[in-house]
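Heads up, the thing below is written out as structure tokens.
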Amino acid sequence: MSSTETYEPLLTRLHSDSQITERSSPEIEEFLRRRGSTVTPRWWLKLAVWESKLLWTLSGASIVVSVLNYMLSFVTVMFTGHLGSLQLAGASIATVGIQGLAYGIMLGMASAVQTVCGQAYGARQYSSMGIICQRAMVLHLAAAVFLTFLYWYSGPILKTMGQSVAIAHEGQIFARGMIPQIYAFALACPMQRFLQAQNIVNPLAYMSLGVFLLHTLLTWLVTNVLDFGLLGAALILSFSWWLLVAVNGMYILMSPNCKETWTGFSTRAFRGIWPYFKLTVASAVMLCLEIWYNQGLVIISGLLSNPTISLDAISICMYYLNWDMQFMLGLSAAISVRVSNELGAGNPRVAMLSVVVVNITTVLISSVLCVIVLVFRVGLSKAFTSDAEVIAAVSDLFPLLAVSIFLNGIQPILSGVAIGSGWQAVVAYVNLVTYYVIGLPIGCVLGFKTSLGVAGIWWGMIAGVILQTLTLIVLTLKTNWTSEVENAAQRVKTSATENQEMANAGV
């Protein structure tokens, strides 16, 4: 990755019999610039194949990482669910309501790493990337300190939110066991985004797979053999996340792939932190408003009559929806890197091509997943519980799950485009209005003022997602990608200048 090498974003030399697929990103950019509106459908198809190969080379491993990270909590809840319906409700409310809030903050803050590091990588400003990652870690650890109090006092908080005493008690036990996990989040999220921005995704996938397999074995031992209950399961979850931090950190420190982007720890990470902090806040608000929206559905469901059944049913549906979300977040991370790399490299037309191809791809995938959910809904319900009443309640909600899965094929991808382009602040306002001013109130009215119950809450929230998705589509269609290249160049230039000034000053 020396400065003398010709830069080509991502994997740009793919072997194919088709001439177009042998071209680099700058060559494709020049082709699109010259041909413009005269590009024929035959050539658009070849361009789509070219982009799809790049996208899947990157997103395949990104999806594995995203899904396996989520599966750590998924497997934990599956094992605790067989301890009893009350334990399942407690673990679910702690995982969704408490851990989900913390993870939303950490993941949202880390999306700023994707924006700045991705654009810096595209512009070949490699030395600034390690400093950006360290700044992110500092801010994440500071946030983790404040979140610790949320975990420790989760019982009273859950009761204040209307959860029953029994569910709040079980949830507090589980949440306190996850306190070490918060600090693991604070380090793992920036490190993974730092590696993804450099297109280092296969090693991340291997590390995540190894940790997941060990986690599954340890969780089974703790819950089924040693009978350590909820607390034991939560502590194993925390341990697994720290193991993930350890292997990710060792890779960054020891791998030759990071020798130009990670030049060691530096006090420069503490300087010039304010501009990055502002982007971090916008990123956190944007993604948190999305993640908490679904978590709110679970929490509000606990306020209905017969809360244990309602909470178990919606929690199981949310776990499947979140599994699908992790799949789409893997694609979202890939498109974020694609867009940020291409904007940083000055290829606006290739960035736009990436956006179109990934959206067509995800809509097709979501359509297939909808059919699978509807056909196998009873079997999928039994994976979590043997309670006949809960199974029936879950099966009744699966049509709504199918609708949400289809929307997942569009909304997270457009959010990934926003992250790659640095639009976090704008999307944060969109999320606030469509989700919390419109969708959530409609859901509460339908859930509590009609006989629809939890289905009514979900329908209202689906309305919010539809409005948000339509807004993002309009925003994307109206984007001037040439201007976005200029914005990316200015963002990278500012970061690089700050780092160079501090280096010259001996900081």
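Backbone N, Cα and C atoms are what each Cβ position is placed from, and that goes for glycine too.
Model, not experiment: these values are computed from the prediction.
Topology check against Swiss-Prot: SER127 and SER283 fall in the same compartment relative to the membrane. Summarised as a single figure, the pLDDT of the topological domain 'Vacuolar' (159-170) averages 80. The transmembrane segment (284-304) is not in contact with the transmembrane segment (390-410), judged by fewer than 3 CB-CB distances under 8 Å for residue pairs 6 or more apart in sequence. Across the topological domain 'Vacuolar' (377-389), the DSSP tally of helix, strand and coil residues reads 8 helix, 0 strand, 5 coil. Between the transmembrane segment (313-333) and the stretches 63-83, 93-113, 203-223, 225-245, 356-376, the greatest number of Cβ pairs separated by less than 8 Å involves 63-83. The list of residues near the topological domain 'Vacuolar' (159-170) in space but at least 6 beyond its ends in sequence, with Cβ under 8 angstroms from a Cβ of it, reads 86-87, 89-91, 93-94, 97, 230, 299, 302-303, 307-308, 311.
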